[in-house]
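Participant: First, the structure itself, so that you have it in front of you.
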């Protein structure tokens, strides 16, 4: 402020007796110079610690405008709270601090920025403090008004700023050990560039997010605190997922946006790793961890052991409680902050997070709250009391005449299931009926479905009841239910909403179900409260497993290929398929030619008289022979086309739709699938194809479709 005051004193101490023309000329100069000055437009920034460095990030244009309006109003500014970033953060204007709403995060400083200087090690500009920016602005105003430059200012940190002209302003750092009579600024190293106004620095400022929220998606992470190769948290990865979705809405749902049919989809992260490792288990593990290869052991304890924690009854209870309670808490808070929200809710899980959600969904109840009254809506395997009798089974097989024989021998269904072909022969059952009966009971025995949870006894102690079609070989006595897919016995919390769709990214659900002893998922099974289920994975993902072969074990078919977000297949995949088709065509044509040549070589010669009498037949025969391979190929092609067109029944787990969806690998990934295996498991957060599939399925439930269907 001393330089500003001295400048004002110079103005007041000017010559009191100017020439007659000097006053008017000064006024003219002042008017011309004053017209060049325009107040700077402020923009609001917040500070984030990234890689142990402070990074200043601009608010989007809408949020910055709201903050500026609240600041300019001056009414209760100290206690004013402004929601930003789509309502996920609150800015306390008086404190100049930004707080996360739905998750735990360190508060970040907020600043109203007008002047910037370039940082030391990168090209990013750093804003000056608000107070010093005001000093710079006042000095700049006087310099422009009086057209007097070379202004020198000293910051609170004894740093020197010199305003040479409107386009050249520099910042010098102080030299250690120098005093007021020390070296001049030009001797203090390389100067930094100073800029006025956010429009003069290179920074990306987004327009903002639509206010309307159409759908809410909770995203649950997998093992460890980091979710990608950059060791970012679930919050940062979901931020990327959300940003990709906003871009895709503008490019693939443009018509719906122009007609104001849609707003956006909100993705909120759910963190269970921190509560799990805050129980003190890390201290217990540290005591028994060997001192060698310390970093590797620490990584193992912090990530891979989460899989073992989930298979432990004690820590599994902590995990499912945390996930369910967090989703319920966030959902309640979301409704409080968005009272006009009328959209649906979906859930998504990555890696182990998808298995956690699968187990929670399997153990949900419908709105009636009575598991035993859900038979018609769930369509899952019934208990033993509802299974058909032996007489009904024989009637179904059209073998009712043999019921008297079984009744005479006191053979019920359980005994018949243990009978061999020889046993049935000894009691007088003919060969044909024996084969029918054995095949029927063998099929029933191998048809392993997910079992319904047993009803709770009146005493409150829940003892699971084994069903005839129970998939697990071991019976567990636990606090709550055993649904027959091998989970540890824990009490699964109830969600306060019904998810519409469950998305699994890079999911090991299929592997875990198989290891638990489940051989087959009943085609009629569906989640009690969730209608849709999509298993999305990268072809090189080492953690991902398919689900559809467990529903239809006897049929081999490929998963659904997720279209590229720009349409069609990737070029290298089309080239590969084209070369495969061409090689098959060449192979078929070559085999056909060799077959014709061999037949011509081995065929007996016709008599000359016969050849002369029937030349047309002689010419027609090789033609018909040459047509046979093409006919065969045509038939094979038509059969293949029919097989592709025919729908595949994959059960009701996804409402009759396909379950497994595979991404297209990138061209560079196809060179070495082992090299990109780990990256493939962590690619979903920034995958446009994955995000577009999620958006497409969500908006289809609302009757809104892509501008152009992808092929």
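Don't overthink the numbers, they just go from 1 along the chain as shown.
From the backbone N, Cα and C atoms, a Cβ is placed for every residue, glycine too.
Annotations per Swiss-Prot:
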type     : residues : note
ACT_SITE : 351      : active site, nucleophile
COMPBIAS : 614-624  : compositional bias 'Acidic residues'
DOMAIN   : 30-112   : domain 'WWE'
DOMAIN   : 385-448  : domain 'SAM'
DOMAIN   : 495-700  : domain 'DDHD'
MOD_RES  : 447      : phosphoserine
REGION   : 1-24     : region 'Disordered'
REGION   : 449-470  : region 'Disordered'
REGION   : 609-638  : region 'Disordered'
Participant: Return the count of C-beta atoms lying within 10 angstroms of the C-beta of the residue listed as 'active site, nucleophile', excluding that atom itself.
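Facilitator: Within a 10 Å radius of the Cβ of the residue listed as 'active site, nucleophile' lie 26 other Cβ atoms.
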Participant: Treating G and I as helix alongside H, and B as strand alongside E, what does DSSP give for the domain 'SAM' (385-448) in helix, strand and coil?
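Facilitator: Across the domain 'SAM' (385-448), the residues distribute as 46 helix, 0 strand, 18 coil.
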Participant: Treating G and I as helix alongside H, and B as strand alongside E, what does DSSP give for the domain 'WWE' (30-112) in helix, strand and coil?
Facilitator: 26 helix, 31 strand, 26 coil
